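Colleague: Quick paste from Swiss-Prot:
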- G7, V8, A9, A10, S11, G12, K13, S14, S15: ATP binding site (BINDING)
Amino acid sequence: MIVTIDGVAASGKSSVSSGVARALGIPYVSSGLLYRAATLLGLEAALDLSDAPRLLAHLRALPLRLEPLAEGNRVWSGERDLTPGLHQSAVDAGVSTVAAHPELRAWVDEQLRQLPPPFVAEGRDMGTNVFPDAPAKFYLTASPRIRAERRSAERPEDVDAIEAALIARDRKDAAQSAPAPDARVIDTGPLGLEEVIGEILGEIGQ
């Protein structure tokens, strides 16, 4: 069984996906971490993130490995754990550029499709493009302000600046991030984490 949980940036996808995976006793897979890892490695190599061929060649020379765990994924490049650096502001600013490249999306999709089910897959287009035949699909959303307030609780940054960055990110991600026609859309704004997890588990159990 594959459960897909897509949604806009900072809508709670990672926390919800991890909670659902733990409740079901299956791994949780974060596609976004692969895009973030590609962005981090590109930045460290001083590559132009808009140059997809060079970036892809660099990634193939430094193969990435996603370690899917219910409590949170880790991404490795050889023996180096990239995970601690994946949520810095520079990566936030560049990841949409990387994710917009069809070649990079195809590369990430191939990594994900090689993983054996069952698992919970979290991302932007898991239910529409990567696993269109998944039997359980969900899409999380919330207003930019609510998402900014949540993110500011995790990082010492100004709420208004975070909100502006999220609105810009939403525009960049619009082509990739849309709910599948058969996905259940959940507004996480008025709900707590456990309530969202409970709604998804209830839907899966029906």
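Keep in mind that glycine also has a Cβ here, set from the backbone N, Cα and C atoms.
Fair warning: this is a prediction, and the values are worked out from it, not measured in the lab.
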Colleague: Per DSSP, S11 (ATP binding site) is which: helix, strand or coil?
Modeller: coil
Colleague: Across all the protein chains here, work out how many other Cβ atoms are within 10 Å of the Cβ of S11 (ATP binding site).
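Modeller: Step by step: centre on the Cβ of S11 (ATP binding site), count other Cβ atoms within 10 Å, giving 26.
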Colleague: Taking 8 Å from the centroid of the Cβ atoms of G7, V8, A9, A10, S11, G12, K13, S14, S15 as the cut-off, which other residues in that chain fall inside it around the ATP site?
Modeller: V16, L140, A142, R147, T188
Colleague: For A9 (ATP binding site), write down the residues of its own chain that are at least 6 apart in sequence and whose Cβ falls under 8 Å from its Cβ; none is a fine answer.
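Modeller: Long-range Cβ contacts: R147, L166, R169, D170, D173.
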